[in-house]
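Participant: Handing you this structure, nothing more for now.
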Amino acid sequence: MLELRHRGGCPGPGGAGAPPPREGEAAGGDHETESTSDKETDIDDRYGDLDARGDSDVPEVPPSSDRTPEILKKALSGLSSRWKNWWIRGILTLTMISLFFLIIYMGSFMLMLLVLGIQVKCFHEIITIGYRVYHSYDLPWFRTLSWYFLLCVNYFFYGETVADYFATFVQREEQLQFLIRYHRFISFALYLAGFCMFVLSLVKKHYRLQFYMFAWTHVTLLITVTQSHLVIQNLFEGMIWFLVPISSVICNDITAYLFGFFFGRTPLIKLSPKKTWEGFIGGFFSTVIFGFIAAYVLSKYQYFVCPVEYRSDVNSFVTECEPSELFQLQNYSLPPFLQAVLSRETVSLYPFQIHSIALSTFASLIGPFGGFFASGFKRAFKIKDFANTIPGHGGIMDRFDCQYLMATFVHVYITSFIRGPNPSKVLQQLLVLQPEQQLNIYRTLKIHLTEKGILQPTLKV
């Protein structure tokens, strides 16, 4: 464990910044015998490594280079650093929003590819931090196994998605039928192979560090892959369940920044000193108003409200349906005090607008805690941003730290309060059954509908 003892850049056991010698250690000798090394390992196993003793032992990650385009640097060279950063963030934000609108126009399949691309980049940024922190140890197979586990977990989650939403397409392909039928076993076998490779890669002098990074990889997978899978599940419920939550988080991020930039005086949380109560409160009200208006606009169009379905006859995704009651105007009675102010007793709203208030409230009150969590993580490793992918913003993970928390909430919200039985999904499951099973279900359903009076009894001749 001697390598871990020197990780913070200490020159040696007696150098500046070195921890005091513990019981059983030589206090100043350069030569260590085999028995002394074994004794250190035993002490480390009982009391823990020096890693857990404080942030001072955590090595700093090398700072990222500035990727701001030269044309922007020249145009903003006369401004103070505060206003220069404001303009860079603003220009890049408008650029990203424009590209996002373009991808929305291109359809749900491109949105799914975007989510997968963001997932891979976020995983890369978090894993790279771990690799930079421990790069001097040359851990065997660390990066290879990390990407292998990413592949395995994606195969597990998205194989389930293919089985659920592409059943009619799978029926036409014999090879895919095998993969879908034994999907979970194949997923487990792939993961087990990676697990065995990890065990075989263990090296005595790096045991503890290798298990640290094994846990690091799995927590990263939990944060990125699981949440991106939930985002795509939300998208299949209808593009509106994807757009309103994501745009609410973006709106909160922008408006909280603007309110904090111009009016911020009172610090909000120590983890993120630049966050202020003024920005937090201003972002909350702005986000609720934005979400309510966005829900009204998007609820008018089938393209946004219909569940995303794969149609085998046209070999593409379609968003055509009769909108549910959630997206049909209804009259709501106003409270008495509003009736007096507005001189009307009722107001026409889409029911989804009521749900949008819950989504916007979560995005503005709880969503920022995803950002605070990320700030704590970055402080622990003494870094400013996860990466320097986007000038003025940092890495992709810096932009989506709140989105992952939002995705989980939306999925839980849909399954708890919105989703009912899906006839299309039930039909797809029926189509993959054996003919005898389909006939039994048909007879049972016919008897049930006849007993309820929906079907007329069949007269026997």
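Placement of Cβ uses the backbone N, Cα and C atoms for every residue, glycine included.
The region 'Disordered' annotation in Swiss-Prot covers 1-68. Per Swiss-Prot, the feature omega-N-methylarginine maps to Arg7; the stated evidence is a large-scale study or a structure entry. If you look up Swiss-Prot, you'll see 22-56 marked as compositional bias 'Basic and acidic residues'. Swiss-Prot lists Ser35, Ser37 with the feature phosphoserine. Per Swiss-Prot, the feature transmembrane segment maps to 96-116, 149-169, 183-203, 230-250, 279-299, 357-377.
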Participant: Where else in the chain does the transmembrane segment (183-203) make close Cβ contacts, counting only residues six or more beyond its ends and a cut-off under 8 Å?
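Facilitator: Hits for the transmembrane segment (183-203): 140-141, 145, 148-149, 151-153, 155-156, 159-160, 163, 210, 214.
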Participant: In the same chain, who gets a Cβ under 8 Å from the transmembrane segment (357-377) while lying at least 6 residues past its ends?
Facilitator: 244-245, 248-249, 251-252, 256, 269, 271-272, 275, 280, 283-284, 287-288, 290-292, 386, 397-398, 401-406, 409-410, 413
Participant: Do any residues of this chain, six or more beyond the ends of the transmembrane segment (279-299), have a C-beta under 8 angstroms from a C-beta of it, and if so which?
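Facilitator: Distal contacts: 239-240, 243-244, 247-248, 251-253, 255-261, 263-264, 268, 305, 323, 327, 349-350, 352-353, 355-357, 359-361, 363-365, 368.
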